[in-house]
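Residues annotated as domain 'F-box' in TrEMBL: 57-103. Residues annotated as repeat 'ANK' in TrEMBL: 140-164, 174-198, 208-232, 243-276, 277-301, 346-370, 482-515, 516-549, 550-583, 584-617, 618-645.
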Amino acid sequence: MTVMSASRTHLHGPLESLGGGLAGSQVDGLFSSVRIINLVHGTFCSEYEAPSPDLQKMQLPDLPNELLMSIAEQLPLERHISALARTNRRLHTLLNPFLYRHDVQLFGGYALAWAAKYGREATALRSLEAGADVHTTAEYGKTPLALAAKSGQKHMVRLLLTTGKADPNVRTKDDAAPLHVAAKKGRLEIVSLLLNIGRVDPDTKGPRGATPLLIAARYGHQAVVKLLLATGRVDVNAKEEACGYTPLACAVLKGNEEMVKLLLATEGVDPDCKDDNEATPLLIAASKGRTAIVKLLLATGRVDVNVRARFTRYTPLSFAAVNGYEEMVKILLATEGVDPDSKASGHMTPLLLAVSDGHIEIVKLLLATGRVNVNAVTLRDAHGALRFASNKGDKAMVELLLAQDGINPDLRDTCERTPLHVAARSSEEIVELLLATNRVDPDSKDEHGVTPLAIAAEFGREAGVKLLLATGRVDPDSKDDRGQTPLLLAAKRGHDGVVRQLIATNRVDLNVKDGYGRTPLSLAAESAKMSVLEQLLATDRVDVDSKDNHGRTPLLWAAWAGQVQVVERLIATNRVDVDCRDGDGRTPLSWAAVNDHEAVVMRLIETNRVDVYSKDNRGRTPLSLAAESGRNGVLKLLMERAESI
């Protein structure tokens with residue numbers, strides 16, 4: 001049959017006569033259904049014992065209406081039915097109503113939702129005539145009315161409300177009514193249309209308990225807010241359920257100054273209403289740096305200027321101080337009743353917050369009030385403003401604070417550390433400033449017995465060490481609770497400049513031992529701090545063979561660590577026992593062997609003063625230790641030495 005061998009050219013003819021016809025994708029869809037058409041047409045023809053030649057010659061448009069409808073019913077997709085319906089005028093007239101009925105039966109009237117979204121009134125009317133459900137849902141549960149409201153199709157909204165008898169209060173899956181949707185998108189005319197039908201509550205709660213007014217305020221739609229306020233039927237202080245924000249709080253969060261003005265001018269609005277975290281619009285504005293809005297709120301004379309946030313206990317001034325909002329700080333300090341010294345969580349005052357973040361201009365403003373405690377400290381650590389500034393190495397801030405009457409430059413924290421302790425690690429300039437006050441103890445000890453000099457020595461702050469020693473009021477050999485002296489700390493870290501200064505005082509014990517019995521030479525030997533090592537050896541006052549609590553000498557530590565250069569230097573003194581034993585009975589050769597330090601083993605053997613058969617407390621020799629540890633290179637050296645004996 002002709003239909004069964006239909007070609008693209010054959011079907012395009014009628015489309016062109018309709019002024020453009022189908023899109024390529026629609027024609028492709030129709031051709032994908034040829035098998036179904038063949039099946040239906042073949043079934044039709046099989047009802048005749050001998051199909052007539054006229055029937056066999058029939059073109060698709062010539063088929064009877066009944067057969068065409070059967071064909072349409074067999075097409076799997078709506079777009080295929082649509083393609084067939086648009087083949088020519090006859091098929092369009094015949095199949096278009098069927099297409100809408102098909103949509104209603106299978107999808108409840110998706111065509112209506114599509115028409116509502118894109119403003120196709122004719123399509124909407126046909127869908128309604130076909131029995132479409134005016135409350136059918138699409139796109140996350142939105143009804144045609146909600147879709148029209150969202151996309152701003154006011155004519156469709158009117159059509160659905162009148163012709164379609166749509167319920168204007170039907171909700172989407174997220175509990176939004178058309179009024180909420182329109183308010184969110186700022187669709188002023190649609191909001192007006194919905195309000196004027198008299199069946200919509202202008203204050204109805206939607207997603208998360210938000211009212212249309214709150215939604216419009218949040219998204220900055222001032223005209224919609226005015227329209228809703230004009231109804232006189234909305235709660236201007238209504239709160240959403242999620243955070244307890246009011247319309248005013250939402251406007252403040254967004255920094256919408258004009259919206260804030262509008263709401264503040266509305267009768268009954270509470271400018272000091274708290275959200276679920278006890279934050280007021282003023283707190284929100286201060287935390288976000290909304291200076292102009294802070295001015296508007298303060299101008300009402302109805303806000304608590306010292307209100308506190310729930311967890312941080314910050315006031316508006318605290319937020320402004322910690323964030324560096326200088327202009328806002330000026331405005332708040334000029335407000336009657338403000339507390340410039342309020343304590344937040346952890347007893348952080350605005351002054352402490354500003355100092356800790358380096359906002360010096362704000363610190364000046366706070367100090368100028370004459371109403372802040374310059375010696376205020378935090379609750380847990382007792383850190384004061386001067387300590388914060390010293391820790392940051394902020395010289396300008398330290399100078400400013402030291403110039404204040406009543407400042408205590410020697411204030412101790414909970415660890416008994418002073419600003420000088422902190423400055424000794426961070427800044428020589430601040431050390432100099434603090435010492436210049438003549439009101440600090442340069443040799444003060446913290447809870448562990450550590451002095452500022454010890455800290456400066458440990459971190460290699462040569463200039464700081466020089467300043468502290470120059471006071472003549474420090475003990476250069478002071479021990480902390482672990483037995484550490486400045487010299488021990490400097491030697492371990494390899495700070496040769498500091499070691500040089502300490503030795504030059506002639507007031508330090510070069511053989512001092514820490515809690516483990518380690519001397520400066522022992523510590524320098526282990527980590528090969530050669531410059532320090534040479535300075536110590538050059539004094540001729542150092543015990544090069546001193547033993548620690550485990551009986552280990554500097555040579556033994558150097559051998560253990562594989563520091564061949566140190567081993568060479570110590571042997572060269574001719575004052576070390578190259579075959580000494582530690583508390584485990586191990587010699588330098590034993591440790592070098594077990595740790596696979598071939599160069600050290602070689603140098604020790606070359607002295608001809610080591611015993612390769614020496615046994616430790618467990619009866620193991622350097623040879624056996626090397627063998628057990630798989631140190632083949634070392635083992636070879638030791639065996640050669642053993643054979644040569």
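Numbering starts at 1 and runs along the chain as displayed.
Placement of Cβ uses the backbone N, Cα and C atoms for every residue, glycine included.
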State the non-local partners of the repeat 'ANK' (618-645) in its own chain: residues 6+ outside its ends, Cβ under 8 Å from one of its Cβ atoms.
584-585, 587, 589-590, 592-594, 596-598, 601-602, 605, 612
Looking only at residues six or more beyond either end of the repeat 'ANK' (482-515), which have a C-beta under 8 A from one in the stretch?
448, 450-451, 453-454, 456-462, 465-466, 469, 475-476, 521, 523-524, 527, 529, 531-532, 535-536, 539, 541-543, 546, 548
Let me spell it out: take the repeat 'ANK' (243-276), skip the flanking residues so only those 6+ beyond its ends count, and list any with a Cβ under 8 Å from a Cβ in it.
211, 213-214, 216-218, 220, 222, 225-226, 229, 236-237, 282, 284-285, 288, 290, 292-293, 296-297, 300, 302-304, 307
